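Asker: Here it is, the structure in full.
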Amino acid sequence: MGRHKKPETIYDIHEANDRLADVFRNHGFDLVSHSQRQQLAHFYRLLMLNQEKENFTRLLKLRDVAIKHFIDSIIIMKYTDLQFPLLDVGTGPGFPGIPLKIMYPDQQILLGEGVQRRVEFLKHVRSEMNLKNLDILGRNINKHCVYPVRGAITRAVEDIGNTLGNVMSCLEIGGRVYFMKGPGVGPEIEAAKKDWGEYYKLVQDVAYSLPQTPHERRLVVYEKIKNMPLPEEDEGEELLMDELSNEEKRRWAKY
């Protein structure tokens, strides 16, 4: 099989920006400004520069990435109000966290990812794009993690109930968990009600499609209503905030 062309021989950032504008316009998606499109174009270029080595996504064409990654990550802005600081659980190469960071430049977002090569890529993106108020947590988010946030979001395939348990210790009362799911999520919702109904209430369940496509989605949002005791640490587990700056640790000490 032939090798993919290097992305810099296909698009520069300005050309990618123009093509993104066409895609967003053709799909009736008008939430993104010129400067935000340029940042998304920069992110696309970084993804493609590292794609051959890392295989972050099976999507390579700009149009496909724009619809199935960029629009898919930020369309929830139409349907819900996000709470910050916001933790992206299992972000992979940065979805939905990086596009959301571009849309909310002044808000604090944390990217949780346990695969080291992805962590290094995320740090590279943060540096190359000069993204502020973006922390990268190089570990899996589980029940032993204590990173105080007001919201958690995930586009990962993990079961709703598992994620609710894993972020329990991170959320204050009233904190919200945003699940970006497919249309067949009903059984997960029923199981979560049975297992977690004492601690979370379902506050939103919105069915929608990506604009001008047949791709169906469900946004499922839970609000934390009750604390549960912190779990005992397993041997070898540490409750670390090692990726956060001392300033951030002090600022969040009030939570």
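Each Cβ is built from the backbone N, Cα and C atoms, and glycine gets one as well.
Predicted, not measured: the structure shown is a model, and the values here were computed from it.
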Asker: Of the candidates Arg25, Arg150, Arg155, which does Swiss-Prot annotate as part of the S-adenosyl-L-methionine site that also includes Gly90, Phe95?
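Answerer: Answer, per Swiss-Prot (S-adenosyl-L-methionine site with Gly90, Phe95), from Arg25, Arg150, Arg155: Arg155.
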Asker: Tally every other Cβ atom lying within 10 Å of the Cβ atom of Phe95 (S-adenosyl-L-methionine binding site).
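Answerer: I get 26 for this one.
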Asker: With a radius of 8 angstroms around the mean position of the C-beta atoms of Gly90, Phe95, Arg155, what other residues of the same chain does the S-adenosyl-L-methionine site pick up?
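Answerer: These residues sit around the S-adenosyl-L-methionine site: Asp88, Val89, Thr91, Gly92, Pro96, Gly97, Thr154, Ala156, Met180.
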Asker: For a quick check of packing: other C-beta atoms within 10 Å of the C-beta of Arg155 (S-adenosyl-L-methionine binding site), how many?
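Answerer: For Arg155 (S-adenosyl-L-methionine binding site), the count of other Cβ atoms within 10 Å is 21.
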